[in-house]
Amino acid sequence: WGHPCEMCPAQPHPCRRGFIPNIRTGACQDVDECQAIPGICQGGNCINTVGSFECKCPAGHKFNEVTQKCDDIDECSTIPGICDGGECSNTVSSYFCKCPPGFYTAPDGLKCIDVRPGFCFSTLSNGRCGNQLPQPLSKMQCCCDSGRCWASAPATAPEMCPIRSTDEYRKLCTVAAVLPARPPDLPPARPDVIPPPLIPGVYPPPHPEIIYPSRAPPPHVILPVNLTDYCQTFRHLCRNGRCIPTPGSYRCECNKGFQLHGSEECIDIDECERNPCIGGDCVNTQGSYICQCRVGYQSTATRTECR
């Protein structure tokens, strides 16, 4: 106020941020920001918490702190090496890859799979590749089975296959599961058993499905993959849980503090939604939560309660 500026006296506010005095009793009560602030959390799901709120954005979106809305993530410009060898197109909540000749789009549209036939070597000693196999194989067929080196043409120097259990190996050898819609004449599947993933080149699929032009199978035949244990073949299944093989398929058992989302991913349960921290603030963690206790309260050994 005034010139030069003079600070106004502090307003005595009886409640801390996120709380408001009750008109009748004067006691501090929580503000439901989801109801009180118009347009908050647009594009997502607003959840009121004690003294604050939380925005749950759908997959492929992130919360914008400034606008307090859920914005679409442009995966094409944020994920390094996306659509390796192809062209990335952003879509709302996702993206898809347009692949060059010699590559084909993975069943989920999210990566380019190299199906160019090349030369596979089954041995590697002292940095030299040997024992060239007679049949032409793609890099995926060679390296994801028993091959140690692969060359795209006879004159080119062979490259080493990625080592198992590395990110590079997973990137090459993980084929995303496709779960086609079940026709009405088939009996309903057991809910805890997921149909097996389709492997490119293992034809025919269990029942007819639409194949989009960008996702058409490669022109030459890929050798069938013999699958007995999906949990061994697809190491990415059941993240944050345990993969249990079933005859011809698999099911997921989630770790404590996680719940099944879709068919092959366990997502964290937000325990804070049930306000477990009386006398403190709840902070959600992966698979659990902790209570940050207020003055006059003491945390228990597990940090899940304030006394």
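Positions of Cβ are set from backbone N, Cα and C atoms, glycine also.
Annotation comment: TrEMBL describes 30-71 (among others) as domain 'EGF-like'. Using DSSP to sort the residues of the domain 'EGF-like' (30-71) gives these counts of helix, strand and coil: 4 helix, 19 strand, 19 coil.
The domain 'EGF-like' annotation in TrEMBL covers 72-113 (among others). For the domain 'EGF-like' (72-113), the number of residues in each DSSP class (helix H, G, I; strand E, B; coil) is 4 helix, 16 strand, 22 coil.
Sequence annotations record features per position, and here TrEMBL assigns domain 'TB' to 118-173.
Per DSSP, the secondary structure of the domain 'EGF-like' (227-264) breaks down as 4 helix, 17 strand, 17 coil. Annotation source TrEMBL lists domain 'EGF-like' at 227-264 (among others).
Under the heading domain 'EGF-like', TrEMBL lists 268-305 (among others). Beyond the domain 'EGF-like' (268-305), the same-chain residues lying 6 or more positions past its ends with a Cβ under 8 Å from any Cβ of the stretch are 47, 49-51, 54, 240, 255-259.
Annotation source TrEMBL lists disulfide bond at CYS272-CYS282. Sequence-distant neighbours of CYS282 (disulfide bond): residues of the same chain at least 6 apart with a C-beta under 8 Å from its C-beta are THR49, VAL50, GLU271, CYS272, ASN275, PRO276, TYR289, ILE290, CYS291, GLN292.
The helix, strand and coil residue counts that DSSP assigns across the domain 'EGF-like' (268-305) are 4 helix, 14 strand, 20 coil. Within its own chain, the domain 'EGF-like' (30-71) has Cβ neighbours under 8 Å at 16-20, 92-94, 270, 272-273, 275, 281-282, counting only residues six or more beyond its boundaries. Helix first, then strand, then coil: DSSP counts for the domain 'TB' (118-173) stand at 12 helix, 19 strand, 25 coil.
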